[in-house]
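Annotated features in Swiss-Prot:
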type: DOMAIN; residues: 40-226; note: domain 'BPL/LPL catalytic'
type: BINDING; residues: 79, 80, 81, 82, 83, 84, 85, 86, 157, 158, 159, 170, 171, 172; note: substrate binding site
type: SITE; residues: 154; note: site 'Lowers pKa of active site Cys'
type: ACT_SITE; residues: 188; note: active site, acyl-thioester intermediate
């Protein structure tokens, strides 16, 4: 007997780009994918990559939160949020979905639920490495608490853009970036807290390990079955 659920499960394209992808190239790639999703010529997609050292400004970014505009290339991202750093050792996952349809626990046309579920995806991914990620009601992203000092540091950022209910941009999880590079901005406009990474917490995992954890935790939340991770 065939499993009817297996026959009707929706898949989503997952792929990863080797090397460092310049930020403008990523924007162009997402714009092309989003246009295809809208007209039915391209599938929904999760795109895994790293950027060269880059500062990006969300729609709420303030000039005074960028300390050295000439330190790294700086781009207006068009996504929600404030200043973000991207660089080697940080796993960026760009998620492109048609939100006019439900996706797992995310109802159709519910942006708040979508953002909440992106955070939950990161929290479940971190749990696979014995790291407790937490939400904060007044701060978007995922946070960890230093058991020794009680300090809260950000380990993952997220920012999304929605165009006619097709979403793009996504999440950035700090695996092993140079944390000093964050010093050129006030990350996400939050001065009271710092940033951390899996390596800084003592978990010497690879980007590949993180990719598999992201993929393993996807389906229960978003409903679709990830394809094997291919090369973009």
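Cβ coordinates are placed from backbone N, Cα and C, and glycine is handled just like the others.
Just so it is clear, the model here is predicted, and its values are computed rather than measured.
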| task | Between residue 154 (site 'Lowers pKa of active site Cys') and residue 81 (substrate binding site), find the distance joining the two CA atoms and give it rounded to the nearest Å. | result | 14
| task | Determine, from DSSP, whether residue 157 (substrate binding site) sits in helix, strand or coil. | result | strand
